[in-house]
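Shown next, in structure tokens, is the structure this report addresses.
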Amino acid sequence: MQFQWDWLCFSVLLFSAVNAEYQGSEVEVEDFDKNSEDANVDESGSSLEVVYKTPKPTGEVHFTETFDDGMLSGWVLSQTKKEDTDEDIAKYDGRWEIEPLKENMMPGDRGLVLKSIAKHHAISAMLTQPFIFDSKPLIIQYEVNFQDGIDCGGAYAKLLSQSDDLNLEYFYDRTPYTIMFGPDKCGEDYKLHFIFRHKHPKTGDYEEKHAKRFDVDLKKFYTDKKTHLYTLVLKPDNTFEVSIDQTVVGKGSLLEDMVPPVNPPREIEDPNDKKPEDWDERAKIPDANAVKPDDWNEDEPPNIEDPDAVKPEDWLDDEPEYIPDSNAKKPEDWDEEMDGEWEAPQIPNPKCDKSVSGCGEWVRPLISNPNYKGKWKPPMIDNPNYQGIWSPQKIPNPDYFEDPHPFQMTPVSAIGLELWSMTSDIYFDNFIICSDNEVADRWAADGWGLKKLVASANEPGMFSQLIAAAEERPWLWILYILTLAVPVGLGILFCWPSKKVDEDLEYKKTDGAKPVTKGELEQEIQGQDEELEGLNDNAEDEGGEDEDSEEENETAQGSREEESSKSNKSGSEDEMKEADESTGSGDGPAKSVRKRRVRKD
């Protein structure tokens, strides 16, 4: 019963959702942030229209860019070529445009869009002030929207290292950078990079350190065609946090969660150490004292014919399993000199169908040979000379160092996008580099927050989503019909009264409302009194009554006389009324009293 009521509740919820889809075209919007810019909502349409204003930083920043002016002021397109690449694709000639979003756009809001396919793209800009890794955290944050999805390509940003010879016109894949951060995807490998280049304190060489893979499913961020906010926070205590849409998806330590580790091991294997020639690594060896048993026959085959097998009686020895197809004809272009003599293709013999056990020459089936032992080998025993797995001895690492503060990286003076993509229309917007979480959050609220608000308001309702899903998968219509039909059928089954119940109710109502006349009542009471007198006469004849019963009869007789005198005073109308009431009530004692009243009359 509980299951059936669950179906009924689900049906009600589904109908409510459909009704809300058709009736609810207005959208109630709460403030995304108390200090964010005002948003005016047009309630006459089904989509949310926001009066957009370009975000302004509310504190100290090192770089911001909204692209809302429609110009690439301050940005420099690379004029160089990519090394170790074919000449025809080595140039960074990928096209960039400043455009609004294709979907869920807000008037006045624009972003930087990668437009070319299968080309190298490179564009960069100087920071308003370099970022030096000292006592303040580094926060880099920006928006990405894969408007057409993504097949293979990246959307990561590079923070270029500060140097005297940095020239943005020659920005390419080997330009020194300090941090690389952002999404990347190729095939079914979805990544979110966080890489920093660490300087070896002894040799001065740089080595890339990659954050360990984050334990999160990134696919939806690449495929839903929505704008997502990517944030990296590096703290002076050597910890980091990576967030998507202001939700932390990964965090760790620069000292413990990077590959390869920042600090090398104290000891390493001696490269000059070699394994001795007599070193025995065999844990088990054949028993040299073992002797092959005399009855061991290595010539026995693994399988033999079953001697107990009997040919089935319906086996057709004279019928082949396959016969030439009598309906086949030699092709007109068949050349016997080149193609050879033509033969009709073979088809299964119809006489050898499942009605018989088989056709052709019968052979006994094979079974495992119980005498088969295979080639004899001596058993294995523990090696008395086993010395374990050899490994080189450890020596102090001549390149060992300990950097307790990897956060103190090479200062950053520019930001750049150096990308290859097989999908166009990758949208970038609202870059910010700062040190204050509140500044970054306010910037996100005035930019990405409004985009999220508009996208949520424009999402189709549940009913529209069900229809769209059924258009792609027609078999869902059957599921929808069953989902609606089952609870409705159960409701009719358990809520609709049956015909038998109606008949019983009708019978009871008719029987209860049937009038009783005075004459019928007197006849019924007269018959009962005669039965009672007959019982009393039998009791007197048998002498079964004692003094107590006589007193009870006298008392009952006196009560009848008193009640009779009262009934004479009430008149014939009261008698009829009492008779009718007694018939409807069905009360035993009341019937007895009224019987005696009529008898007295």
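Cβ atoms here come from the backbone N, Cα and C positions, even for glycine.
Because the structure is a prediction, the values reported are computed rather than measured.
According to TrEMBL, the protein carries these features:
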- 1-20: signal peptide (SIGNAL)
- 255-353: region 'Disordered' (REGION)
- 266-285: compositional bias 'Basic and acidic residues' (COMPBIAS)
- 296-307: compositional bias 'Acidic residues' (COMPBIAS)
- 333-342: compositional bias 'Acidic residues' (COMPBIAS)
- 475-496: transmembrane segment (TRANSMEM)
- 515-601: region 'Disordered' (REGION)
- 527-554: compositional bias 'Acidic residues' (COMPBIAS)
- 559-574: compositional bias 'Basic and acidic residues' (COMPBIAS)
- 592-601: compositional bias 'Basic residues' (COMPBIAS)
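In the compositional bias 'Acidic residues' (296-307), helix, strand and coil residues by DSSP number 0 helix, 3 strand, 9 coil.
Residue counts for the compositional bias 'Basic and acidic residues' (266-285) under DSSP, split into helix (H, G, I), strand (E, B) and coil, are 0 helix, 5 strand, 15 coil. The compositional bias 'Acidic residues' (333-342): residue composition by secondary structure is 4 helix, 0 strand, 6 coil, according to DSSP.
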